[in-house]
Amino acid sequence: MLRYLIRRSRWLMLAAMTASIMAGFCGVLLIVQINAALTADADTRTSIAWTFALVAVGLLCSRMASAVLFERLGQTCLAHLRQFIVRRVMAADLRRLEQLGGPRVQSALSEHSTNVAQFFVSLPVILTNSVVVMGCLLYMAWLSWPIFLAAMAVLGLGSLGYHVAHLRAIRHLDGASREQDRLFGYFRSLTEGAKELRLHRGKREAFATDVLGGSIDTVRRLRTRGMSLFVMSNSWGQFLIYAFIGLVMFVLVTDGAGSNRVMTGFALVFVYMMTPLEGLLMNIPRANLAKVSAASIEDITRDMPTAEPATSAPVERFERLTLRGVTHRYYHEQSDDVFELGPLDLEFRPGEITFLVGGNGSGKTTLAKLLVGLYPPEAGEIGRDGERIEACNRDAYRQLFSVVFSDFHLFERLLEAPRAELDAEGNRLLARLHLQHKVRVENGAFTTQALSQGQRKRLALVVACLEDRPFVVFDEWAADQDPVFKEVFYREVLPELKRMGKAVLVISHDDRYFHLADRLLRLESGQLSSTGSLDTADEPASTADTSR
Ligand SMILES: Nc1ncnc2c1ncn2[C@@H]1O[C@H](COP(=O)(O)OP(=O)(O)OP(=O)(O)O)[C@@H](O)[C@H]1O
């Protein structure tokens, strides 16, 4: 993931890295100049002053350039990353998305993406400081070889301790990241379940303390453990630096020729090196957190296609839709059982109203999702006028349908582009549904969505009518309509859609209106128990399409 992002912004990255390395290089040069000035005579000090000034300006410019470029890189990467996730999620199989759940996707788009972008803010600090530390070590090597070797030994010891702590810390951070995905789901319950929580004190307290509180606490505990391990290894690193200073000052530097220059050199280098070293040790954990978040994003998007499959032009009409031996299965891990729908053999034609009835959980919505191409069939095939529907033409096939699901979503805009006729047509439909005093269509959008559930469902019906597709599916649309509107829906809207030549599939429990259907399909535990025109409604499923 990080590699992908780096590849996408390679030039910006290169420029930012060059500026960081320049800043580090100037930093080391500055310390060399200071040490030289301390031990130089008056003449050479003047020429050193010019070099010093030049290097100081270089340091200022390169530091500024590096910080600005990396900030830009961070924001660019955050935008790329969000677009990358959004595109994959949009192209993903609906079933895969349902299995993942909204909270994980939300977590990837918010916290994980921000953590990854943070990596690019930490990177210049890591790079600049690495160059400063490396430069300082080289300067030490130039001052005294044995001391340089001792520094390398200390560095090795520090890295070993850091590596051990790092492995354990990453385990904790991984756990925290998984728990955080769950936490996002609980955050959603906090607003979506607001009514239930206010009405039931016991539930509210259990949710606040055990569920939400427990999850917040787990994230806190695991993050604290992970980050503490990093901080402890930082302290270990700092301790080694002081131990090294002591070793150099009191043991390794002996009295002798040039020892003064070596001593001041080392003192300066150490003082100068402390801040970059601390910066390095502080920013490496942030980079690790970014790695954990990048792995989470990769995990979520792994099985998702990079883009929607290249697809043919949208299908606009049909004469015959067929389902042959179509099946779909849900596996429920907790109860280790499987719900199987089908095999189904069905046929749909324009201008026909089909009612789909059956008990709760009998598979009606699943059948609708299969029919409209939201789930690819696990076995069997769906065909349109003899053409088999496969991955390459499934999106084009889906454009045949307008669906109002029972858990419908209303977007802010009605359709992709506002147009004058759309507003007029929308307002005409709103008036027919007695909503003209509540809401209007202006510039291709509803003026408000703050309506009752039944009224919002009428808005969804308006959207479906405006889409003007040849096949319309209603999943328990009338369930939350008053008796007057049930009448309007079953006796006016459906016949009008039929007159317009549209195929209509109505999932319904309203047995008062079953006689208005051209055909009644009855589902029981995933199997069609009867199908046919109303007078043949009780024929066995095997006679399904011969009833035409
Ligand atoms: N997203 C899902 N993940 C796993 N199993 C599911 C999922 N959706 C539905 N199921 C299973 O499939 C069965 C059929 O569900 P479906 O929503 O198709 O029923 P339905 O007939 O539309 O029910 P209702 O009348 O209550 O809306 C359910 O009993 C459930 O076990």
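Placed from the backbone N, Cα and C atoms, the Cβ positions cover glycine too.
Features of the protein shown, as given by TrEMBL:
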{"type": "DOMAIN", "residues": "11-289", "note": "domain 'ABC transmembrane type-1'"}
{"type": "DOMAIN", "residues": "321-548", "note": "domain 'ABC transporter'"}
{"type": "REGION", "residues": "529-548", "note": "region 'Disordered'"}
{"type": "TRANSMEM", "residues": "12-36", "note": "transmembrane segment"}
{"type": "TRANSMEM", "residues": "48-70", "note": "transmembrane segment"}
{"type": "TRANSMEM", "residues": "119-141", "note": "transmembrane segment"}
{"type": "TRANSMEM", "residues": "147-165", "note": "transmembrane segment"}
{"type": "TRANSMEM", "residues": "229-253", "note": "transmembrane segment"}
{"type": "TRANSMEM", "residues": "265-284", "note": "transmembrane segment"}
The transmembrane segment (119-141) and the transmembrane segment (265-284) contact flag, 3+ Cβ pairs under 8 angstroms: yes
Contact call for the transmembrane segment (147-165) and the transmembrane segment (48-70): at least 3 Cβ pairs under 8 Å, seq gap 6+: no
Proximity of the transmembrane segment (265-284) to the transmembrane segment (12-36), 3+ C-beta pairs under 8 angstroms: yes
